[in-house]
Amino acid sequence: MHLLGFFSVACSLLAAALLPGPREAPAAAAAFESGLDLSDAEPDAGEATAYASKDLEEQLRSVSSVDELMTVLYPEYWKMYKCQLRKGGWQHNREQANLNSRTEETIKFAAAHYNTEILKSIDNEWRKTQCMPREVCIDVGKEFGVATNTFFKPPCVSVYRCGGCCNSEGLQCMNTSTSYLSKTLFEITVPLSQGPKPVTISFANHTSCRCMSKLDVYRQVHSIIRRSLPATLPQCQAANKTCPTNYMWNNHICRCLAQEDFMFSSDAGDDSTDGFHDICGPNKELDEETCQCVCRAGLRPASCGPHKELDRNSCQCVCKNKLFPSQCGANREFDENTCQCVCKRTCPRNQPLNPGKCACECTESPQKCLLKGKKFHHQTCSCYRRPCTNRQKACEPGFSYSEEVCRCVPSYWKRPQMS
């Protein structure tokens, strides 16, 4: 297939993806804003779709190989396809069976690119046209602007200069580093006063190239130190946050949006898109090294913490002990976060809870009350002082009345009353 034909197919698919269709805005998107309050105005479904479509268009225009193109359109299936190629061929397996839930148009388009010869042919043609140093012949006289009565033999030399196509009309293929080659030629001047004179001339030879914008070219030409300039990207006031499951970060509106707004599909209302981009199932992803479905984000048994273990089928941390609420006993409940039975008993103020025994325990005792000069009350679990029945109205000088012994005692015996 010719490269132009491939681009025509890709453009038609892009147009299909950009066609507006009836669709409801994701209700949960409002809860996952970054850098904005919940009270801020949410973009409507049309705005979100427009940004998503623009992102898709920019990604398609910026791809520079078949691998990048397929990664944008079919990320999970493309991983599986490359895995199967490394293992010796595309075989129908459990993961590929999920294709049955896709739309017929999408299956046909994806299946067309599973032909290895087509992919290889397109990729070879693509590589030939990329921006890179290419061997060219340059006219020596035109290169240096010599007088019309002077010419060189051979008239041309072979050097490397940057050439090829860029992925955007706003970019041009330019050299980022240059070396100089010395070549020996015959210089002839007419009228001929002497024979051809051997001369050594240095020619610029491009060693590396890059697609650059006009602004980057201007900066590089006018820079004292030649260096590549990083492309400027739009910056969000808030940092790129980790989005919830099935949501992706959008740099244009600086918030999380549902993945379905970003995914390529011929039918905007197809609710089976999520499975198309997730052939391994929920909480799993394809490991390109082993070609096996593994838990996302490198989840391992050690990541689950105490009292939990990793369920490799669901890729979720589950409780080891398999306890049920009925097994916890009276006044206890099963805590799914800690995977343990926790005490839920409510105790009176003067009988604090002992979490280990899950019992209300009295903190006072007859011995403790006696040391305070009080008596112990069993029903209330508290110390109390019995009132004096024969209280004296006055004590002699140097004495004071003691509520503890109900008599006058020397004042220096008096100690602060204990509650």
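In case you wondered, yes, glycine gets a Cβ from its N, Cα and C as well.
Swiss-Prot names the disulfide partner of Cys166 among Cys83, Cys211, Cys236, Cys243 as Cys211. For Cys162, the cysteine that Swiss-Prot lists as its disulphide partner among Cys83, Cys209, Cys236 is Cys209. Noted from Swiss-Prot: Cys131 is disulfide-bonded to Cys173, selected from Cys83, Cys173, Cys236. Long-range Cβ neighbours of Cys166 (disulfide bond) (same chain, at least 6 residues apart, Cβ-Cβ under 8 Å): Cys131, Gln172, Cys173, Cys211. Taken together, the residues of the repeat '4' (347-362) have an average pLDDT of 82. Secondary structure at Cys173 (disulfide bond), as computed by DSSP, is strand.
With helix defined as DSSP H, G or I and strand as E or B, the repeat '4' (347-362) counts 0 helix, 4 strand, 12 coil.
Asn175 (N-linked glycosylation site) sits 6 Å from Cys162 (disulfide bond), taking the Cα positions as reference. In the three-state DSSP classification, Cys131 (disulfide bond) falls within coil.
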